[in-house]
């Protein structure tokens, strides 16, 4: 198939979050978004061109090349996982997916060059001298990009990125070509931010920004799609066209074909942040665009390297630091300091029962004594866990039973799904003014306003929240046998107001 597409690489300033850049300095943060996007606007005009092409896609990128990625996961990101091992395995799986997408479209093999993954100690210490891992989830993703970029700029030559497999280090480039920070954000939707068309450039200062081939992604568990999208921007790819850009011509974009504008949200470079696994390829326009940018020398891929099977690390290989089927241990990059694990065979050394680096109930290659604390309680409704003495694994994390009386900094409450809460607390959290619950027979969030009016929403209380004579589950009050005596000692959850008006309407603004 031969494709003839007309596209423009001149992109007007978009409101889309990816190309709005922020700065950690308060004075710069006070500027308008239009001013903050000035760097990207100029950058995009620098790469402006119109290109008409008629080439078979298979001939555009004939030689397989490798793009090496330096990955950092901060403390807010690793909280999604029960262990560093689990986080590492997830990151490897996501990048295998990213590599498949790029190999299919651009003949580019994407590999992890290095990985910085903080330990529980790193995160509990909250070390301020490690900004790359200690950023708050409440900091905007744009601020995180500037902080991450500044850290990378100030760190070259300090070996901040260590090759993930030391015994293969000579086959790795000294530095990754792209750096990605995995983080978490208070925003719920997946999103990312990156510096446009910076591939094969060093991190540098330009117009007050620390600019380079870097990206920040907050998209768990959909990391691979957002990472693929952001790397696309670093390579110089613009967004696919959608109804908005086709209708108001607010920005240049990649059309579906020479005759149809709207790409219908089908591809990786879709500007929306609602990614799905339907977006599993790049559009033909994106493929042709990258080829044109390289051919016309608007971007260079000269830093990419020829693939070497010896240096490629994947899941299912001894030495990647992840214990997988057929392995007893995997010391990864720290085998010299690990007497429990044979790094060449991924088997435990003679006399070893376990690996200290791998399991919480292992000490000096043997099981810790029964009763040794291996996981601290994180809140009044979370049980502490203790080693059994017959296993190196810390028992599964468990919560105290729902309905158990608890106390925290907010006062008395009861346990529900592992948190100390109450119906009144949930009212206070969901409304701007109400701290009183009402209608205790209901397991729908029911809150009383100042004049005594009780509103019932369609939102359920957290599973395990107390209701009259029972506990709430899936919006229903489930009776508990013999509960009357124990419950009678607790304050009534019923709102005794002079006038009780039950509103069955869902008032969205009231709760959100």
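Positions of Cβ are set from backbone N, Cα and C atoms, glycine also.
Feature annotation from Swiss-Prot assigns active site to 230. Per Swiss-Prot, Zn(2+) binding site is recorded for 229, 233, 239. Summarising the annotation, Swiss-Prot assigns disulfide bond to 246-254, 374-394. Feature annotation from Swiss-Prot assigns domain 'Disintegrin' to 315-402. Residues or ranges marked as N-linked glycosylation site in Swiss-Prot: 35, 432. Feature annotation from Swiss-Prot assigns signal peptide to 1-15.
When DSSP labels each residue, the domain 'Disintegrin' (315-402) comes out as 0 helix, 15 strand, 73 coil, counted as helix, strand and coil in that order. Proximity note: of the listed recorded positions (229, 230, 233, 239), 239 have a CA within 10 Å of the CA of residue 254 (disulfide bond), given in sequence order. Cβ neighbour count for residue 229 (Zn(2+) binding site) (all protein chains, 10 Å cutoff from its Cβ): 30. Across the structure, residue 239 (Zn(2+) binding site) and the residue listed as 'active site' place their CA atoms 11 angstrom apart. Taken residue by residue with DSSP, residue 254 (disulfide bond) is part of a strand. In the predicted structure, the domain 'Disintegrin' (315-402) carries a mean pLDDT of 88.
Within the group of disulfide-bonded residues (254, 394), the Cβ with the highest number of other Cβ atoms inside 10 Å belongs to 254.
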